[in-house]
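Enquirer: Okay, these came from TrEMBL:
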type     : residues : note
DOMAIN   : 260-324  : domain 'ABC-2 type transporter transmembrane'
TRANSMEM : 21-42    : transmembrane segment
TRANSMEM : 259-280  : transmembrane segment
TRANSMEM : 301-323  : transmembrane segment
């Protein structure tokens, strides 16, 4: 009973001190509500659009090489140049793409890089097919499990003007091979009006067409005559994967990183008031005087905790009420 009487005395003391600071109390209670009201006002200013149906896309002609601005005619390069199998595959791929300039071979990948850096005609190279196999002789066949890499220009050639500005967060200046998703993700499908997928432009830069042509040439290389006839009857189309129903709400995108900061700012003044009250009491040595009178140190700390906990509980209750209440639009 003595402990509860002492705790009640300390709580009454803290209540009297808080009661004398009317303006401070009003600010501590009103500041979180003010920030919540600002969020609610912004929520009503930004409209959201609901897409109840799945977003579907049409077929894209494939595997034809799209129009790519640049020096014509385009050439294909390949590594290594001494392999007849590599030359045969790249030749077939070149014919599938409708390129009539003979493919340019290089002994090693380093020779290809040196040609790109120093030769003035290197702009005609559309892509290079680098086979990751060691061919001891020129007659060595291509293995069943083929490993190759496609090397295109370091930056896209056919990026639209909307993607070439520095203000665009998804600026199309490189291939973004280090990312699985855009740096800034928006609600809904990425670039919804582009049926080829948009950035980084694997279709409009010719990457997918070249990859399909090389794969088709490798299959034809290993297939027999009946397999060739089957390949000729296969028609390939590309279609973007559909996107499920979604809500396009830019407010969520803007507030998801700012909400913690706004909540912290709304309780900043209360935190400063807590520090000020404790420091002022310690400066005046009131805690030591009360300990001399028989009050426990933990009881003193517990009283301050209950006092500010109840004060914050009022603010948090109304903030939660404002943020969680739902409007009835059917009325």
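Placement of Cβ uses the backbone N, Cα and C atoms for every residue, glycine included.
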Enquirer: Who are the long-range neighbours of the transmembrane segment (21-42) in its own chain, taking Cβ under 8 Å and residues 6 or more past its ends?
Expert: 251, 255, 259, 262-263, 265-267, 269-270, 273, 311, 314-316, 318-319, 322-323
Enquirer: Could you put numbers on the helix, strand and coil content of the domain 'ABC-2 type transporter transmembrane' (260-324), residue by residue per DSSP?
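Expert: For that range the per-state counts are 58 helix, 0 strand, 7 coil.
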